[in-house]
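Notes follow the structure.
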Amino acid sequence: MRRFSSVFHLTFLLFAVICVGSALADSDEYDDEAAPALHISSLLDSDDDDYLSFAHYQKTCPDAEAIINRKVKEWVKKDYTLAPSLMRLHFHDCSVRGCDGSILLSHVGSERTSKASKTLRGFEVVDDIKKEVEKKCPKTVSCADILTAASRDATVIQGGPYWSIPYGRKDGKVSIDKEAESVPTAHENVTSLIEFYQSKGLNALDLVALSGAHTIGRTSCETIQHRLYDYEGTGKPDSLLDERYANYLTRKCRWGSDYVELEGMSPGKFNNQYYKNLQKKMGLLRTDQMLYADSRTSPFVNAMAYAPDSVFHNQFAASMTKFGNILDPEVQEGGEVRADCGYVNSYDY
């Protein structure tokens, strides 16, 4: 009975933390000894409303969202792995020059051709959607908006939350391969990740919430093999990896070309099991496990793990809204609506 009471009180305290919120999460400075509280942001918390509007396509292309949703469902039905791939593609796009579709440009030296982008997938889905939308509303819906909506719909298909998307993103005309190298690659420390998110106007809570996308999807065994054998010259697996889980991964990942689920306890389900795994030292990527080891982010991990799935869903939706609204004013002022998502428009378009 005493143990039940302790668990109840811990869960209650964490839920209280979620409801109260914290200024620390939005601060530019972090105290290693402080335990930041969790704040469920409003879906309308954004400073980019001058460029975006929920009614942007209401008159010019009212069927845009329906077309995008239908096409995403068709593609994911054929290949369920495209759902997390579309989410990742959106993340890479917004991480460089804001959400401007620059990751979709396929010219020599573009972000898409960068080594950092070599495992990205889902380009054909966006191209297919664009062709369909152009038939209905030519020269109207940007590729950046299509990718943003496709990422949301892919999340919903996998059992994740729905969030309303304001539209009006312009397609950028610049895409540079070296800039793609700034996107996190699962080898950073928590400080670097927090600084990256802060540079985009997000915070540590957003980092933890958006990392929860790893509740679905998979990665190549090559990505995690360094954790299994002689980690950093220790002659042993990574100390942040549960021993039994490490043994399982060693058997599973004999070949670097094989794949392993990012979250193996409930693969394919968009739930908070990812955070529960981190508490058990079962984070597949070291950057994920570090979120539980670092005092700046571990309170958020615990809160997500102990609270109902709905709390994770609500915060994920809020953080995705913020991330999807990252814009570069120069792109918004000088951008375009591409006819083909892979190429900048010709002058006579």
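A Cβ is built for glycine as well, from the same backbone N, Cα and C atoms used for every other residue.
Noted in TrEMBL for the protein shown:
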type	residues	note
SIGNAL	1-25	signal peptide
DOMAIN	51-345	domain 'Plant heme peroxidase family profile'
DISULFID	CYS61-CYS137	disulfide bond
SITE	ARG88	site 'Transition state stabilizer'
ACT_SITE	HIS92	active site, proton acceptor
BINDING	ASP93, VAL96, GLY98, ASP100, SER102, GLU111	Ca(2+) 1 binding site
DISULFID	CYS94-CYS99	disulfide bond
DISULFID	CYS143-CYS341	disulfide bond
BINDING	PRO184	substrate binding site
BINDING	HIS214	heme b binding site
BINDING	THR215	Ca(2+) 2 binding site
DISULFID	CYS221-CYS253	disulfide bond
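Neighbour counts were taken at the CB atom with a 10 A radius for the binding-site residues ASP93, GLU111; the maximum falls on ASP93. Around the Cβ of HIS214 (heme b binding site), 23 further Cβ atoms fall within 10 Å across all displayed protein chains. Closest to CYS99 (disulfide bond) in space, going by CA atoms and restricting to the recorded positions PRO184, HIS214, THR215, CYS221, is PRO184. Neighbour density for CYS143 (disulfide bond): within 10 A of its CB lie 30 other CB atoms from the protein chains shown. Within 8 Å of the Cβ centroid of the Ca(2+) 1 site, not counting the listed residues ASP93, VAL96, GLY98, ASP100, SER102, GLU111, the chain contributes HIS92, CYS94, SER95, ARG97, CYS99, GLY101, ILE103, GLY172, SER175. Cα separation, CYS341 (disulfide bond) to the residue listed as 'substrate binding site', rounded: 24 Å. There are 20 other Cβ atoms within 10 Å of the Cβ belonging to CYS253 (disulfide bond). Cα of the residue listed as 'active site, proton acceptor' to Cα of the residue listed as 'substrate binding site': a span of 9 Å.
Here the domain 'Plant heme peroxidase family profile' (51-345) returns a mean pLDDT of 96 for the predicted model. Here the C-alpha separation of CYS61 (disulfide bond) and ARG88 (site 'Transition state stabilizer') works out to 26 Å.
Counting every protein chain shown, the number of other Cβ atoms lying within 10 Å of the Cβ of CYS341 (disulfide bond) is 22. Ranked by Cβ neighbours within 10 A across all protein chains shown, the recorded positions CYS61, VAL96, CYS99, CYS137 are led by CYS99. In this view, SER102 (Ca(2+) 1 binding site) is surrounded by 28 other Cβ atoms within 10 Å of its Cβ, with every protein chain counted. Annotation for CYS94 (disulfide bond): spatial neighbours LYS200, PHE323, GLY324, ILE326, criterion Cβ-Cβ under 8 Å with sequence separation of six or more.
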